[in-house]
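Look at Swiss-Prot and you will find Asp140, Ser142, Ser144, Glu240 tagged as Mg(2+) binding site, backed by similarity to another entry. Per Swiss-Prot, Ca(2+) 2 binding site is recorded for Glu179, Asn235, Asp237, Pro239, Glu240, and the stated evidence type is similarity to another entry. The disulfide bond annotation in Swiss-Prot covers Cys31-Cys454, Cys34-Cys59, Cys44-Cys70, Cys394-Cys406, Cys456-Cys476, Cys481-Cys490, Cys492-Cys519, Cys524-Cys537, Cys544-Cys558, Cys565-Cys574, Cys576-Cys599, Cys633-Cys645 (among others). The feature domain 'PSI' is assigned by Swiss-Prot to 22-71. Under the heading domain 'I-EGF 2', Swiss-Prot lists 492-538, citing sequence analysis as support. Per Swiss-Prot, the feature region 'Interaction with HAX1' maps to 731-758; the stated evidence is similarity to another entry. Residues or ranges marked as topological domain 'Extracellular' by Swiss-Prot: 22-709. Feature annotation from Swiss-Prot assigns transmembrane segment to 710-730.
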Amino acid sequence: MGIELLCFFFLFLGRDDHVRGGCAMEGAETCGDCLLIGPQCAWCSQENFTHPSGVSERCDTPANLLAKGCQLTFIENPVSQVEILKNKPLSIGRQKNSSDIVQIAPQNLILKLRPGSEQTLQVQVRQTEDYPVDLYYLMDLSASMDDDLNTIKELGSLLSKEMSKLTSNFRLGFGSFVEKPVSPFMKTTPEEIANPCSSIPYICLPTFGFKHILPLTNDAERFNEIVKKQKISANIDTPEGGFDAIMQAAVCKEKIGWRNDSLHLLVFVSDADSHFGMDSKLAGIVIPNDGLCHLDSKNEYSMSTVMEYPTIGQLIDKVVQNNVLLIFAVTQEQVPLYENYAKLIPGATVGLLHKDSGNILQLIISAYEELRSEVELEVLGDTEGLNLSFTAVCNNGTLFPHQKKCLHMKVGETASFNVTVSIPNCERKSRHVIIKPVGLGDTLEILVSPECSCDCQKEVEVNSSKCHNGNGSYQCGVCACNPGHMGPHCECGEDTLSTDSCKETPDHPSCSGRGDCYCGQCICHLSPYGNIYGPYCQCDNFSCVRHKGLLCGDNGDCECGECVCRSGWTGEYCNCTTSTDTCISEDGTLCSGRGDCVCGKCVCTNPGASGPTCERCPTCSDPCNSKRSCIECHLSADGQPGEECVDKCKLAGVTISKEADFSKDSSVSCSLQGENECLITFLISTDNEGKTIIHNISEKDCPKPPNIPMIMLGVSLAILLIGVVLLCIWKLLVSFHDRKEVAKFEAERSKAKWQTGTNPLYRGSTSTFKNVTYKHRDKLKTDLSTDG
């Protein structure tokens, strides 16, 4: 017993108690109500554990209850647990008796769950070797499948031969389908009804829905004989009644011959789509498919013209319920359509069928090998409101979260699945859930039972003396009062109560409207927001102001509606820090000397100042230059400043200090050029009161006075020298010009040559002129003749 208590002790300490007071705030007054709050809550049934008015304090986390003084034996805290009822080991190798095969473990268990908690269990699946196989060949016998029918006449022998390599226990059967024999799916003239192929012309069977022709048998020759006797039929529209046939083949277990301990393969062969659901309303058929077997004495579907086609959902339910694995062998045009169907139907596969079904044997073998390489779980039963999640642990321990399927498994390998189950509440009683591998008959049956009651509820003291003269029943540490009585111990009568003592003032509501008056004392209500307290329930710790959504800015405690700030914080919202670290500028001054530090932020007071530490101020004077008048006056006074210097320093807001003991790290170094061209250096610092102090004033690099005589002498000599140089240059230019002119003259004189002819300047004394009015001789003769 001691070891068990020790184990429970550590279990309680490890439970979730991260929400302080979260259980107590819900105000649970009974053990059952406490458990419904959450899996982290427990109830203390110890007598006199809390103040009579604090019944809800009994509901808390286990760790908090232990800290309050509740003994471990009185803590009611049912935990989720798994109780395995049946767990046979998985079968290994070949089994002589198929009934002894175990392919899933465990097989039966009870799962007790606290609402809000979860429990994880491991499920293992191993497909056994040489597992029996039942294969039912369901063929479309519409006219377009004529060549396919001829191809499979020897399929039975070939299929049995190939399957014998995979299993020693193989059976096969045969069935066929066409379409519902009603208009508009077929022609209704007497000739067309008797022979739907009369227009070809060709003799074929009348249209039929589904025929079960050969039950499952291990006689392959019998299968061949049956197939050879089959004839085609015909219908009008392209979709066929294949889903009607699948439904009957799945649910007519006895007539088909499905065994309990075998792999059920249904090979569906067609070259067309299938009708489903309400397609039959075109023929006036409105009765929903009931999902039951309706094969008559001739093994034909008797309700083909009465019931609708099954819906996809109905088909999935019946196929899964009867562990049937569908293999859709369809032509190229139909593959995409049936792949969509296969995605909805667990365990279904799709294979490409050649036009004449020439590859049907290889298609079946490949589909069988694919199905045997996959392990997939499916969940059946009452799962409404139940939360289940799966994690597949496949080859080499590889984890696949949120998956319940393992691929590329070899027969004999084990696939594990971690199944996590939880329930949200206690609204429903026990549920029955089944987890099984797709296509296999082995199942894991789970009874999910909610843990919503306490053991102490089974022990009730009616009219107990612990409840004030037997005025109530004592259960789980508290009293449930009889009618007419109330109070923690049923000590108060309802007809004698007065609420005056529970009012702060006569015009105030009882217990401030936030509590109940029991026997003249306020029992404050519990609130999910915090604690309500005070003699009149007038105080709480959650009605204070908030900053950025946080109570008292998360920097203080709410006491009776007012924020009490913690150290380092102030203000109504406790959002104002008293620290000035964030206000110190790079030069070490508070807000650069241009503002005040308010709530950890600089409030700039100088006009034009801005920035986090008021460091930017285009209109502000230079902090060094603004002290110039004080500094220069101090230097000119040779260390003995007068009243004029004191006024200038006071106006500049500085104090001159000769002390050498000061912090140079927080000081600002300044350099100014004085009126005498000297370099003035000094340090500026700020004391604790924010006053500016100047240290270490000094002058250096002062220029010497100029030598006037030497400057004048130098200037005079320079002027004289410049004049001489200019005169020399002028003389050189004139000489050069004269030389050039003389040379030119000499050159022209040497070229002159005087001739001995007439003087070109001489003019003769006689001049000859031509009379422009003179006429020629002919003209003169004419004139003379005229005169004569």
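Note that the numbers count up from 1, one per residue, in the order the chain is shown.
The backbone N, Cα and C atoms fix where each Cβ goes, and this holds for glycine too.
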* **C-beta crowding around Cys537 (disulfide bond), within 10 angstroms** => 23
* Any idea which of the disulfide-bonded residues Cys34, Cys44, Cys394, Cys456, Cys490 has the thinnest Cβ neighbourhood at 10 Å? -> Cys456
* Structure fact -> In the region 'Interaction with HAX1' (731-758), averaged pLDDT is 80
* Asked: What's the CA-CA gap between Cys31 (disulfide bond) and Cys524 (disulfide bond) in angstrom, rounded?
  -> 20
* Asked: In which DSSP state, out of helix, strand and coil, do we find Asn235 (Ca(2+) 2 binding site)?
  -> coil
* **Residues near Asp237 (Ca(2+) 2 binding site) in space but at least six apart in sequence (CB under 8 A)** => Glu179, Pro184, Phe185
* To do: Using C-alpha atoms only, work out the spacing between Cys574 (disulfide bond) and Ser144 (Mg(2+) binding site) and round it to an integer in Å.
  => 86
* List, in sequence order, the residues of the same chain other than Asp140, Ser142, Ser144, Glu240 whose Cβ lies within 8 Å of the centroid of the Cβ atoms of the recorded Mg(2+) site. => Leu141, Ala143, Met145, Val178, Glu179, Asn235, Ser270, Asp271, Ala272
* Using DSSP reduced to three states, classify Cys565 (disulfide bond) as helix, strand or coil. => strand
* Structure fact -> Cα of Cys34 (disulfide bond) to Cα of Glu240 (Mg(2+) binding site), in Å and rounded, measures 60
* To do: Starting from the Ca(2+) 2 site formed by Glu179, Asn235, Asp237, Pro239, Glu240, give every other residue of that chain whose CB sits within 8 Å of the mean position of their CB atoms, in sequence order.
  => Ser142, Val178, Lys180, Phe185, Ile236, Thr238, Gly241, Ala272, His275
* Asked: How many Å separate the Cα atoms of Cys454 (disulfide bond) and Cys565 (disulfide bond)?
  -> 44
* **DSSP-assigned states of the domain 'I-EGF 2' (492-538) in counts, ordered helix, strand, coil** => 10 helix, 14 strand, 23 coil
* When you measure from the Cβ of Cys476 (disulfide bond), which residues in the chain that are at least 6 apart have a Cβ under 8 Å away? -> Thr30, Cys31, Trp43, Ser45, Glu76, Cys454, Cys456, Gln457
